[in-house]
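> After the structure tokens below, expect a handful of questions from me.
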């Protein structure tokens with residue numbers, strides 16, 4: 001059986017408690033969601049931030065510690081204390097914490113936090129990654145030049161760091177710049193929407209590819225260019241018609257990583273088995289903490 005690691009899933013989202021837009025549509029079903037993933041060969045899942053309690057319930061779940069760029073106002077209120085809190089969360093999490101993040105820059109949503117505060121918070125989390133010797137789980141939206149510049153300056157000052165830029169939907173040139181700094185590229189459904197996206201995917205060295213779902217977001221939809229490569233299909237029900245053995249329409253989940261694999265492999269003209277093995281080994285290389293239990 002193929003082995004998978006989902007490098008980014010938002011399993012604490014209310015949709016996995018059956019709540020959609022503030023309304024309870026069905027019973028909490030995270031146990032069913034995880035069972036589907038594990039039955040398909042999922043060996044580990046990295047839950048993005050704030051998931052200590054959840055990850056203590058299953059040895060196959062790990063998490064990140066950091067401040068998302070849209071939440072950096074929280075950091076700005078007291079930067080020194082916020083940094084100390086992140087250090088403490090990493091220490092308390094022990095082997096369950098495998099990365100600093102999700103952090104980075106998001107210039108599409110400066111209504112949540114202005115650029116200058118995002119940049120300051122990002123720099124502090126680069127420092128945290130160097131201090132903790134943890135990889136980075138990076139977010140980038142319409143801020144590529146500042147992201148690369150910040151990483152490059154940090155490396156010049158503090159030495160090498162590594163990690164992944166997740167949900168990558170940039171150009172070949174941007175991917176090369178990321179790789180040249182020692183980072184990997186993460187792909188999910190939002191990375192595979194257009195023909196141009198698929199061309200970029202085909203250009204990335206297989207040893208630099210990681211797979212993710214970003215569940216419950218970023219599912220692969222029939223309107224996406226990548227959908228032509230999807231082989232594995234799942235029965236889905238609307239939230240108010242939920243059944244334990246079915247996925248929920250419009251809600252992504254970790255089991256769909258098999259579809260991400262199929263699309264990435266299809267776009268590359270590569271064997272799915274070969275790519276699955278490469279992505280699995282790549283992930284363990286980027287996140288060595290996943291080797292602990």
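Glycine too: its Cβ is placed from the backbone N, Cα and C atoms.
Relevant sequence annotations retrieved from TrEMBL are reproduced here:
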type    : residues : note
BINDING : 102, 214 : divalent metal cation 1 binding site
BINDING : 139, 166 : divalent metal cation 2 binding site
> Which of the three DSSP states, helix, strand or coil, fits residue 102 (divalent metal cation 1 binding site)?
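Its secondary structure by DSSP: strand.
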> Please report the Cα separation of residue 102 (divalent metal cation 1 binding site) and residue 139 (divalent metal cation 2 binding site) in Å, rounded to an integer.
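If we compare the Cα positions of residue 102 (divalent metal cation 1 binding site) and residue 139 (divalent metal cation 2 binding site), the gap is 6 Å.
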> When neighbour density is defined as the number of other C-beta atoms within 10 angstroms of a residue's C-beta, which of the binding-site residues 139, 166 has the lowest density?
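Fewest other Cβ atoms within 10 Å, among the binding-site residues 139, 166, is found for 139.
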> Note down the number of other Cβ atoms within 10 Å of the Cβ of residue 102 (divalent metal cation 1 binding site), including every protein chain shown.
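Taking all protein chains shown, residue 102 (divalent metal cation 1 binding site) has 25 Cβ neighbours within 10 Å.
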> Helix, strand or coil for residue 214 (divalent metal cation 1 binding site)? Use DSSP.
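Where residue 214 (divalent metal cation 1 binding site) sits, the three-state DSSP reduction gives coil.
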> Which residues, sitting 6 or more apart from residue 214 (divalent metal cation 1 binding site) on the same chain, put a CB under 8 Å from its CB?
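The answer is 8, 9, 10, 166, 167, 188, 189, 190, 252.
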